[in-house]
Amino acid sequence: MAVSGFEGFEKRLELRFFHDNSTPNKNPMGLRLIDFESLDQVLTQVQCTVVSAVANRSFDAYVLSESSLFVYPTKIIIKTCGTTQLLKSIRPFIHLARTLNLTLRACRYSRGSFIFPNSQPFPYTSFEDEVVIVEDSLPKESLRHRKASVMTPSNNPSRAWHVFTASADVEPDESVVVVEVCMTELDRVNSLSFFRRKGDGNSDSAGKEMTRLSGIDLINENAFICDFAFDPCGYSMNGVDGDRYSTIHVTPEDGFSYASFECGLSLYDDGRGDVAEVLSRAIDVFRPSCVSIATTYGGEDYDREVTKRVERVLAKNLGLKCRSRLMDEFPGSGTVVFQSFTPRRR
């Protein structure tokens, strides 16, 4: 990786569980009962560690040396960058859930196209191989509905979105909308906020300064931010807002700069669900030349008006033009809309 540069594009895994009906006195904490030592053992297999953590009544959020981990009572979300071995976490997470009488209900694995694909270890050199590994790691008898798809924009085939889902149900079991944003060619001036300076102090205080200088604290002013600054550069944060999570990861080096923003939200409650405005504020922090947005609609049907509003707001506020829009449906895992944007001048 030192030869090519650091791989910012993350691999993302989401596992959803349910309580066995025969389980008496179900503990509402669910997966949050997994002890830290067990989590650490799984992360060691993935090749990353916890660097910071925060929790509230709804979930636990961990900033990792390579991205983030979120643990809800019946859901785990883990995303890792670099050359990490994310898929090695599937079997141990399922095993830990079983010890708590939780059964796997759905799995989703997704990622963008790597900047340095030749630097990835097996099986991440091929999406087909990744799918085989995921399939082999899942219980054969329960997750009957499975689908793999590569969503490839015609205007930029090198920036595809890869998705594999497996589900026990035909219909999604939750109504959360997940938005994943991948940004490359970040504005050089804005990227300076994510380099450590002399006298910045430790990683915690330096992270708070990066959050303030960059304007990340204004994306969602209701969120409690757990941030971390890497040395000599780089930044990660997890935002906690009730049962909502958000996360940002930044690789600011010129030549392979990358930033990601992800959040889980609902479209229609108390004003916080304006996807377009949230995305506009997040993307404005980085002013990238290339943006891709993957929106996964869970229990709620795909909302074409939301997609159109995202395109209108990004065009008006940031001068970004939508170059492609793709949609695909995944049994039991909802609908994915994949949009790519570049500045209008291009």
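Here the Cβ of each residue, glycine as well, is placed from N, Cα and C on the backbone.
Keep in mind that TrEMBL annotations are predicted by a computer and have not been checked by a curator.
Look at TrEMBL and you will find SER67 tagged as active site, schiff-base intermediate with substrate. Sequence-distant neighbours of SER67 (active site, schiff-base intermediate with substrate) (same chain, 6+ residues apart, CB-CB distance under 8 A): GLU10, CYS48, ILE78, LYS79, THR80, CYS81, SER236, THR247, HIS249.
Around CYS81 (active site, proton donor), taking its Cβ as the centre, 26 other Cβ atoms fall within 10 Å, counting all chains. Positions annotated as active site, proton donor by TrEMBL: CYS81.
Taken from TrEMBL, the feature active site, proton acceptor applies to SER236 (among others).
The active site, proton acceptor annotation in TrEMBL covers HIS249 (among others).
Annotation for GLU253 (substrate binding site): same-chain Cβ neighbours under 8 Å, separated by at least 6 residues, are GLY5, PHE6, CYS233. The substrate binding site feature in TrEMBL is assigned to PHE6, GLU66, PHE230, GLU253.
Look at TrEMBL and you will find SER67 tagged as pyruvic acid (Ser).
Sequence-distant neighbours of GLU66 (substrate binding site) (same chain, 6+ apart, CB under 8 A from its CB) are GLN47, CYS48, THR80, CYS81, GLY82, THR84.
Taking every pair among PHE6, GLU66, PHE230, GLU253, the residues recorded as binding substrate, the greatest CA to CA distance is 16 Å. Those residues of the chain, other than PHE6, GLU66, PHE230, GLU253, with a C-beta within 8 angstroms of the mean position of the substrate site C-beta atoms are GLY8, CYS81, GLY82, CYS233, GLY234, THR251.
The Cβ of PHE230 (substrate binding site) has 22 neighbouring Cβ atoms from other residues within 10 Å, across all protein chains displayed. Other Cβ atoms within 10 Å of the Cβ of HIS249 (active site, proton acceptor) number 27 in total over all chains.
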